[in-house]
Amino acid sequence: QSEPAGPPQPYTFSYDNTDEYGTRIAQEETGDENNNKVGSYSYTDPNGISRTVKYVADAEGFRVTVETNEPGTKTSNPADAQIVSNAATDSYSPSPASSPAKPPSLAVNAAPITIHAVHASPVVHAIHAAPVSYATAHHVTPVIALSHAPLTYTLGRAKSA
């Protein structure tokens, strides 16, 4: 494991971006020399539906509050996360991004259909088997196994009867 390089350094960063469709994404955070963090991040879609998360992380733990107007949400406090909802009580129906599709229209008139009679004719094709030959050269290196084994000699005379 590596040792920390030193005490936490204070920092601040943020960004706020809106794309060409109108979706906005933003975040900001500040950290201090005691490693405490305070920040938020948010998302807003082109229809105005938004969610903002505000958080604090310090010696007392991580605490978060979510502010939203997302349909189907209500103010609650699950898992010690405060959710504040400003959602309308009626149902949500987003505006259509484009008009409904229309059936395609024909640009040209169809050409008349011509029918030709097809007559079967015999196919004459001679099939001859081609000779198969394989020429391979195998170069085999002789293997000589040498091993040193003890030899036992018995010297003496055979006993006479």
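Glycine is treated like the rest: Cβ placed from N, Cα and C.
Some features that Swiss-Prot has for this protein:
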COMPBIAS  1-10  compositional bias 'Pro residues'
COMPBIAS  67-86  compositional bias 'Polar residues'
COMPBIAS  87-103  compositional bias 'Low complexity'
DOMAIN    8-74  domain 'Chitin-binding type R&R'
MOD_RES   Q1  pyrrolidone carboxylic acid
REGION    1-44  region 'Disordered'
REGION    67-103  region 'Disordered'
Outside the compositional bias 'Polar residues' (67-86), six or more residues from its ends: residues with CB under 8 Å to it = 48-54, 92
Note = Model confidence for the domain 'Chitin-binding type R&R' (8-74), as mean pLDDT, reads 94
Task = Please spell out the DSSP helix, strand and coil residue counts for the domain 'Chitin-binding type R&R' (8-74).
result = 0 helix, 41 strand, 26 coil
